[in-house]
């Protein structure tokens with residue numbers, strides 16, 4: 001017969017195994033959501049990188065390599081897609097709750113932001129006709145410099161001296177990159193710099209105009225209202241400043257049916273870039289977003305060089321590296337010395 005102690009030992013073993021199963025079950029409940037969230041964020045970041053880099057490369061291909069030399073009309077196509085897809089995603093898919101415009105004053109403010117936004121996008125698209133994507137990204141990385149300047153001029157808000165010091169390599173890097181750019185084009189450079197300044201000005205202006213709690217809009221609702229205003233503004237601008245746009249596009253479409261698919265893909269990708277930017281911002285921290293943003297520019301540069309085979313120099317890449325490091329230092333100092 002089995003002794004009492006053997007029964008006790010067996011009972012203890014069963015209890016131990018049961019506790020292990022329970023602990024594994026609890027552990028699974030703890031780890032699983034975190035793992036799913038991590039995978040979801042990785043998926044979002046991949047989409048964000050793909051859409052942002054994809055729209056830049058498609059813009060470059062259409063404007064420089066395909067014979068589609070109408071940056072204003074291209075921007076209008078982007079804004080048309082954003083108008084339709086923003087409404088569908090908010091009204092039907094409930095990506096975010098819809099925020100209504102509450103006053104005429106708020107509408108005028110949104111219209112003002114829309115015009116500045118148009119200027120930045122059109123300027124960026126024009127610059128891609130003349131500049132390599134790698135150099136375009138280097139100049140675009142100076143956005144924090146213009147943001148700091150406009151913020152100070154508009155609000156007289158001063159940052160810590162070390163934050164401003166971090167902007168020195170941002171500007172120095174672009175100067176070096178300009179000197180080392182084999183295909184430097186002055187007009188393209190001016191347009192790219194203007195687009196970068198307009199982008200920074202829009203972010204500062206948005207903080208000022210839509211500062212009250214009753215008028216604040218999240219980025220998706222702001223895009224919903226800015227996009228149709230932009231289309232209304234861009235359509236006559238395209239017809240006046242690009243007078244033969246309709247005839248040339250129809251001719252290109254007859255010659256190559258894939259142009260319509262490229263234009264549609266480009267426009268949808270432009271909306272995707274805005275949507276994924278909003279979602280990544282929502283699901284990550286400011287520091288993570290900053291690091292990912294800096295890396296995104298570098299990835300875009302590498303891919304563009306591989307695809308378009310544009311010549312680069314050691315000086316040019318060195319200048320771009322200095323700029324990116326300066327942007328990273330600026331973001332870090334701004335975070336620490338708030």
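The backbone N, Cα and C atoms fix where each Cβ goes, glycine too.
No curator has checked TrEMBL annotations; they are predicted automatically.
Each residue in the domain 'Sugar phosphate transporter' (41-330) has a pLDDT score, and their mean in this model is 92. Per TrEMBL, domain 'Sugar phosphate transporter' is recorded for 41-330.
Per TrEMBL, the feature transmembrane segment maps to 38-58 (among others). Tertiary proximity for the transmembrane segment (38-58) is limited to same-chain residues at least six positions away from its ends with a CB under 8 Å from its CB atoms, namely 78, 128, 133, 136-137, 262, 265-266, 269-270, 272-273, 275-277, 279-280, 283-284, 292, 296, 299-300, 303-304, 307.
Look at TrEMBL and you will find 70-95 (among others) tagged as transmembrane segment.
Remote same-chain partners of the transmembrane segment (107-128), defined as residues 6 or more beyond its termini with a Cβ less than 8 Å from a stretch Cβ, comprise 56, 59-60, 63-64, 71-72, 74-75, 78-79, 101, 136, 139-140, 188-189, 191-192, 194-196, 198-199, 201-202, 205-206, 209-210, 215, 217, 222, 225-227, 229-230, 233-234. If you look up TrEMBL, you'll see 107-128 (among others) marked as transmembrane segment.
Here TrEMBL flags 134-154 (among others) as transmembrane segment.
Taken from TrEMBL, the feature transmembrane segment covers 161-178 (among others).
Among residues of the same chain six or more beyond the transmembrane segment (184-201), those with a C-beta under 8 A of the stretch's C-beta atoms are 116-117, 119-124, 126-127, 129-131, 135-136, 139-140, 142-147, 149-150, 178. The transmembrane segment annotation in TrEMBL covers 184-201 (among others).
Annotated transmembrane segment per TrEMBL: 222-240 (among others), in sequence order. With a threshold of 8 Å between CB atoms, the same-chain residues lying at least 6 positions outside the transmembrane segment (222-240) that come near it are 70, 72-73, 75-76, 79-80, 82-83, 86-87, 90, 98, 101, 107, 110-111, 113-115, 117-118, 122, 206, 210, 246, 274.
If you look up TrEMBL, you'll see 260-280 (among others) marked as transmembrane segment.
The transmembrane segment annotation in TrEMBL covers 287-308 (among others). Taking Cβ pairs closer than 8 Å, the transmembrane segment (287-308) reaches residues 45, 48-49, 52-53, 56-57, 60, 65, 132-134, 137-138, 140-141, 280-281, 320, 324, 327-328, 331-332, 335 in its own chain, all 6 or more past its ends.
Feature annotation from TrEMBL assigns transmembrane segment to 314-331 (among others). Within its own chain, the transmembrane segment (314-331) has Cβ neighbours under 8 Å at 134-135, 137-138, 141-142, 144, 148, 163, 166-182, 287, 290-291, 294, 297-298, 301, counting only residues six or more beyond its boundaries.
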